[in-house]
Amino acid sequence: MAATGVLPFVRGIDFTKNDFKTEAFPASVGKMTGLRWLKLNRTGLQTIPEELGNLQKLEHLHMMHNALEKVYGELTQLPSLRSINLRHNCIRTSGLPAEVFNSEELTTLDLSHNKLKEIPEGLERARSLLSVNLSHNMIEIIPNQLFVYVNDILFLDLSHNKLESLPPQTRRLVNLQTLILNDNPLGLFQMRQLPALTSLQCLHMANTQRSPSNLPPLLDTLVNLTEVDLSRNKLAKIPDCLFTVPNLKRLNISDNNIAGELNVAVGGWGEGEEGGEVGWVVRDLWTRLEVLNVCRNQLTALPPSLCKLTNIRRLYVNDNRLDFNGVPAGMGKLAALEVFSAAHNRLEMIPEGLCRCGALKKLILASNRLVTLPDTIHLISDSLEVLDLRDNPDLIFPPRPASMKQGAGVEFYNVDFSLHNQLRQAGAAKDLPPSMAGPSKDPIARKLRLRRRKDTNDSDNQDSAKILKGMKDVAKEKEKTNSQEGGALYESLKPKKWDESLEKPSLDYSEFFEPDVGQIPGLTVWEIENFLPNQIDESIHGKFYEGDCYIVLKTFLDDSNAISWQIYFWIGEKATLDKRACSAIHAVNLRNNLGADCRSIREEQGDESDAFLDMFGGEISYIEGGRTASGFYTVEDVEFPTRLYRIHPNGTGLHLEPVEVSPDSLDPRYVFLLDGGKRMFVWYGNKCKNTLKSKTRLMAEKISKNERKNESDIGTFHQGEETAEFWSLVGVAEDEEPPSEDDIEEHVPEDFVPKRSHLYQVGLGMGYLELPQVELPQGKMTRELLVSKHVYVLDCFGDVFVWIGKKSTRLVRAASLKLSQELVCMKDRGLNAMVTVVKEGTESQVFKSKFSGWDDVIAVDFTRTAESVRRTGADINAWAKKQQTKTDLSALFTPRQIPVPLAEAQQLMDEWNEDLEQMETFVLEGKKFVRLPEDEFGHFYSADCYVFLCRYWVPAQAEDGEPDEDAEDDFQCVVYFWQGRHASNMGWLTFTFSLQKKFESLFGEKLEVLRMYQQQEPMKFMSHFKRRFVIHQGRRKAAPPLPRQPDHADAPAPASAVEFFHLRCNGNPICCRCVQVAPDASVLNSEFCYILKVPFSQPGQEQESGIVYVWLGAKADPDEARLAEEIATELYDAERFSLQVLNEGEEPENFFWIGIGGKKPYDTSAEYMRYSRLFRCTNEKGYFSISEKCSDFCQDELDDDDIMILDNGEQVFLWMGPRCSEVEVKLAYKSAQVYIQHLRVKQPERPRKLFLTLKGKESRRFYKCFHGWSPRPQSSLC
């Protein structure tokens, strides 16, 4: 094959995974004198090829994973080398000449995974080195002069050597960012140079015999250090110097001897500024830590301070001795935690807070002693990507609570959300708002309007014209936007004609033009080729072929500095009809694609306008003939070369190995496909596989159908049954004797493996070509790798394909054809090798077979019939009926729950208390339940758990259901388990394994256990406290308090802190609670009562004293005011606290306002209490439904899996849980709109507006409807 002359223009080529051990290195590489980069990875080279000596411009050389022992010769003759990568070879120190490092341009050197025993001689000459990798060698010492001259290094890897120390000159590496010293015997090295490396970002010292004695005491100068690896060092604790690293993000301390509790310090002393003075202050440490790896140690506990590392994303504690008590309960505070891996430990349970980490994606608890998991595991089970619970034989997975069970998640979008339809389904009245009634027809008013319009028409004529022009511009802009979005958002009410009703097919202009066309001022020209526009290079603008047609686009800026266009289509004198028509059509398509207002202008050869000629400088030239071919089919006989393929299995598909067309190529173990164009034969060897027979037959049928218009005759026969026509195509002459069945021998090696295919992408720049290989994801070649705007060369050794994308340019196509010819000549491929051009959309079956999953040929079973499918029992009609959309929005149209009067509530409380015979109360202290003192009855703490054993009298009944006075009365025991908002599930677990079992043994079937949460108590339980139900923040008993941190809402408050309680009844006097809230004046409301304790004593005093205020709002209920005074009297000791009742407006200026943070504006009305409603939107029943929460709702009713609708009488809020589905979002939004429409009818005097709110972003207008709103629940410290 003749030389094409493109080799000097090749700038880069990738020969990775070509076999140059058994094949000769391509001599043509020496002709690529312009080569800038060359990849020869995994090619089996043992010496440097001589051809590399000619590559004087070579800058980047990669020869990884070969068998090189020395690099003398050609490598020393390359003066422009910038990077050398020789990793994974067999190079020794004597095999590296010093001349290799003479290049002043050398910046990257990788000699890792070789056999070096010393630093290569002459390395200090390469003073421009920025990256040096000498890992996995046998280097024992580093010369002192190396870092004297080479001191600009950014990356240095010396791991896996035999170094015992580093030279003192290491401190000169002030620009070093990455230092890797793993697996070196540096036990006696003190690392004193380390603090001088101020630019260091990554430090790896695994298995370097580190200890606190050979580490610097302080590393506070390393402000850029973010990653440290000290694994495999036998450390007994985390070195103190690491706590001085201010910006540490990733720490690996695995495979050490750290025992007991992990020493993690998150606070320490440091220099800083506080109160305007410079000095020593307490500052947070490791606040930016994101990854912590402490695997394979002897840890028994993680410190509670670990929960303060709120930025941590990955925590690995595998292979330790952690049990349930060793994992902090406050893990729920790690909001950014994504991975928690604790495999091979001793965990019986995990804290509930861990299941409340919203970002958690991977939870690995394999090989532990798990008995069960918290119920809250279901909160994250759907969002978890990995949940590994293997090798936990005693594990019983908790059942999904009924309130959390979701439906199948089917998306129901065909729902009629009209108010009329929803009212009809709910059975409500079909009232229409007054605004829906038709407009009144008043003839007098109409005349007056017409008269005013006539009088003002003349005077406002100019303004009206401006308005009309503006309206037209807006309408055009909207029409343009709607057309881009795929259609108009509205339809005209005017009836359309029959021809106007015909819908035009939508065109994807991206198939014809680039997305950025017409965005930059200048000239763009397309030629028509095969019915499509093809953009031409600027160098041939103004040169038109007489047999072609062109489209010309001029982009310019008008007077208002806006982009405008002029579109022309030029028609040659000898152009064919298809080119003429397509130039006009695509000129219009270009205008539509740009949204231009100009018209497309026709220009003909010899009759061009002056404006057209001016675009090309006033002169254009005509060239005889045509540059492009006509798109019409020409009737000619297509010649198909005769080819013989040996068939090999390739997964579910086939591999067609081209072989020489000769009888000697046949092998009885294989199937062969002989392609003669109009005649195709499938030859079956006596020992071939049956699966290959059917697949090869199907392949031949596909080739005939898709490529030969089904005109090829296909013949199949077994070995020994060949016809004379077959032998003639194979190459046996008529006067020769064809080989007999016994003459065909097995000659293909047993270990034959088809050559690996290489996919190259042809790159074209200003005067250069590149041929990089395409990276194959997971080692598989798929059709998605082929992009329409590129050209690819697929080298299959026997076949070389050139795939041309639809949007590729002409120059790249021409260059790819020449490169493919050169690529074929580079290797000895045999006489049967050939180059095939494949255009996008017309790929052959042989080409498709090279790609995984692209039209695989699989033997299909066509024996199934409609009758056989019907016998399976499938009923398509019944299935379709079940899929009909169902919704339930009836709760939106039911009236609001009527508040219960005090007298009725009092009567109900008396009845329930009469049935109560006895109540015993217990509280969790530590790890066991103890009896609650009587003076604490009715007082609850949000971080504690309580148990109430109630014995109720049950009157005896006769068989007819009537009371029987002679029968003996019975009883029933109910155990109420109360859990605070900030309490962990450990209390419930302790109860189930202790008290509950004891109660069950005592009462048997008469026992009923009810678990309840803070502010979600049943009314029967609430009635036993006679409206004196007080909820405190924090824990009941705690150690002496530390300074209060703002991020610990559940920590116990100091004994002398201000306490502020809010008394409120929600819809029923029984549901009356006195809840401790944040002491803030903005919480006050004129319709409620509050209790404020202001202490006088200082922290640490034995006796606490102060004053207690009972603040009564001006509009507060008198009964609630009396109740507030009684609660305040019982709450505080009268001898130490003086009680003062304040009416609104009579507050003293000193203690009262100071206690609640200063005087602030507050609400004077609680009108929302008479209108507030909370609805839950969910798909848990398998269809979309809405249910209403009772009037005594709290913030814990907001379920993360659902969407809530809150009505406060003025606004309607759509609250979205972080784990709600997209279906629920859309349906809930439509439901809220229906609800607002319904309220316009029922309450026209109180119009509502719809607002969207997210979890954690609630406004005061939203959370004021919830009694005792507090920050989002966190795990308790207990």
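The backbone N, Cα and C atoms fix where each Cβ goes, glycine too.
Record features, source TrEMBL:
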{"type": "COMPBIAS", "residues": "470-482", "note": "compositional bias 'Basic and acidic residues'"}
{"type": "DOMAIN", "residues": "535-613", "note": "domain 'Gelsolin-like'"}
{"type": "DOMAIN", "residues": "657-727", "note": "domain 'Gelsolin-like'"}
{"type": "DOMAIN", "residues": "774-847", "note": "domain 'Gelsolin-like'"}
{"type": "DOMAIN", "residues": "1079-1151", "note": "domain 'Gelsolin-like'"}
{"type": "DOMAIN", "residues": "1187-1262", "note": "domain 'Gelsolin-like'"}
{"type": "REGION", "residues": "428-488", "note": "region 'Disordered'"}
Leading stretch by Cβ pairs under 8 Å, where the reference is the domain 'Gelsolin-like' (774-847) and the options are 535-613, 1079-1151, 1187-1262:
535-613
Over the span of the domain 'Gelsolin-like' (774-847), count residues by DSSP class, listing helix, strand and coil in order.
25 helix, 17 strand, 32 coil
Averaged over the domain 'Gelsolin-like' (657-727), what pLDDT does the prediction give?
87
Counts of helix, strand and coil residues, the domain 'Gelsolin-like' (1079-1151), according to DSSP:
18 helix, 22 strand, 33 coil
Write out how many residues of the domain 'Gelsolin-like' (657-727) are helix, how many strand and how many coil, based on DSSP.
25 helix, 20 strand, 26 coil
What counts of helix, strand and coil residues does DSSP assign across the domain 'Gelsolin-like' (535-613)?
25 helix, 27 strand, 27 coil
